[in-house]
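Please read the structure below before turning to the comments.
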Amino acid sequence: MDCGLSTVDSYFYPMALQKSPYQYISWLSIDVVIGAMAGMVFFEELLHSNLQWPAYVLLALAVWSIYTLDHLQDVHSTDLPSSPRRVYHLAHWRLLSLILAISVSLGLTGAFWWFGWGKELQLTLALAVMILGSKFLIRKAGPGWMKEFSIAVFYVVGIAWLPILRADGIDLVWQDLIFILIYMCLAFLNLLMLSFIDKDEDQNAGFFSAAWSLPPILLIQWIRKLAFALIFISMAGFVLLSSFYRPFACILLLMSLVHYLTFFQAGLSLEQKRMRMEASFILPGLLLFL
């Protein structure tokens, strides 16, 4: 494949010119990284884990590396990129590959420095291998919706991993499992919505997704029912659980409402919908001020 811009320019370069600071943040997955760090705050506060700053740096490096690797693989698996994000990654793939190698090296070095070769690092590496293996298997043989579901599960497991490992046994109670499951379902809802938003681009590029494998009406029904369920369960948690859990239930309720209202609001561009839904994952960071 010609990795220059000669072919790409004639089709998509005008789109790449319509730049804004948020577009760069989105294309480089920085919004996802910030959302993941806010999610770790959520579980750190929920589980009383008292993590140190290196945990957040390592998470940021891991999340950025995984998403950037995925985007770079995408642009090299199709003849012509079908979105501004893929145009950007194709145009700068050498630089991004170099930064990716540095990020992975820093992450591994930092993990050895912070964890040491102990049980935590061994379990974390085992989790990373399992995530990559599952990603490969689902890409090759899984149904479209399994891609979104597996990403949601491993995303939440990843951001909750260190808080769980560092939590005292007395703080691991059944209520925590409820919030982990709600967070997974919320991440799944987000990915289903993004799959619907990106369905034309993904189909043109030959990438399988939930929107490609499910009829549009059925996918909308899944989205609506899951959003209603999340709103109801979050409200129930706010009312029925003890006062300690109310801020966490409130955060999840707000995130669910943002997703539902944004996705079904007429008059918003696809980019505006994406921006608002991704920005909602920063809301758990508010727990730092409570």
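Placed from the backbone N, Cα and C atoms, the Cβ positions cover glycine too.
According to TrEMBL, the feature transmembrane segment maps to 24-43, 55-72, 93-115, 121-138, 145-165, 177-197, 226-245, 251-270.
Counted as Cβ pairs under 8 Å, contacts with the transmembrane segment (226-245) are highest for 177-197 among 24-43, 93-115, 121-138, 145-165, 177-197. The stretch from 24-43, 55-72, 93-115, 145-165 with the most CB pairs below 8 A to the transmembrane segment (177-197) is 145-165.
Across 55-72, 121-138, 145-165, the stretch most heavily in contact with the transmembrane segment (93-115), judged by Cβ pairs under 8 Å, is 55-72. Beyond the transmembrane segment (121-138), the same-chain residues lying 6 or more positions past its ends with a Cβ under 8 Å from any Cβ of the stretch are 62, 66, 111-112, 115, 146-147, 150-151, 154, 157-158, 161-162, 165.
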